[in-house]
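As recorded in TrEMBL, the features of this protein are as follows:
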type     : residues : note
TRANSMEM : 7-26     : transmembrane segment
TRANSMEM : 38-59    : transmembrane segment
TRANSMEM : 71-93    : transmembrane segment
TRANSMEM : 99-120   : transmembrane segment
TRANSMEM : 141-165  : transmembrane segment
Amino acid sequence: MKKNITYWALYDFANSLVLMAFLFYFSQWLVIDQGHPVWWYNSALIVSSALFILTAPILSKRIDMTGRKIAGLRMWTVLSFIAFILVSLIATLSDSLDMFATILYTLAMYAYLVCFLYFTPMLNDLSTRENRSYISGIGQGANSFGQVIGLIVTLPFAIGVITLFGDPG
């Protein structure tokens, strides 16, 4: 059981690390570097959230009926990962696919949100009534730590200290 809690917390850590990097630095790329109005970025967040709000009850009911939390979590995590990788490649290698990158970012954010429909109910499988708050706190701590590390790790790329491709910053 302890090993499963560790994996659960590591997932929360890694997921939030990626989210923070994209929340802050994709907006910089889209608005500052590419010169698009801020509503482009805000629209991506609004559309992904609206899609989530509309589909979450349906997906949640399906999760309850099938009980396939791990399979669903894996599928949506892979979809999110692929979309985020494609957004990164487009942002790095192309100056003409901004709209496509924004659409992929929207889908990546939606997939990220859907992951929590599968991830959060696992708390009941990993804890007892007596230690549920403690186990939840471990997950929240891992999430917050991932957010901080995500910002720290990606900051040198965002400010141009480290460049993999193209011009710095």
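The first residue you see is number 1, and the count goes up from there.
Just so it is clear, glycine is given a Cβ too, placed from its N, Cα and C backbone atoms.
Given the structure is predicted, the values throughout are model-derived calculations rather than measurements.
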Best-contacting stretch, by C-beta pairs under 8 Å, relative to the transmembrane segment (71-93) and drawn from 7-26, 38-59, 99-120, 141-165: 99-120
When counting Cβ pairs under 8 Å to the transmembrane segment (38-59), the leader among 7-26, 99-120, 141-165: 99-120
Long-range environment of the transmembrane segment (7-26) - Cβ separation under 8 angstroms, sequence gap at least 6: 41, 73, 77, 80-81, 84, 87, 91, 105, 108-109, 112, 115, 119, 122-123, 126, 138-147, 149-151, 153-154, 157-158
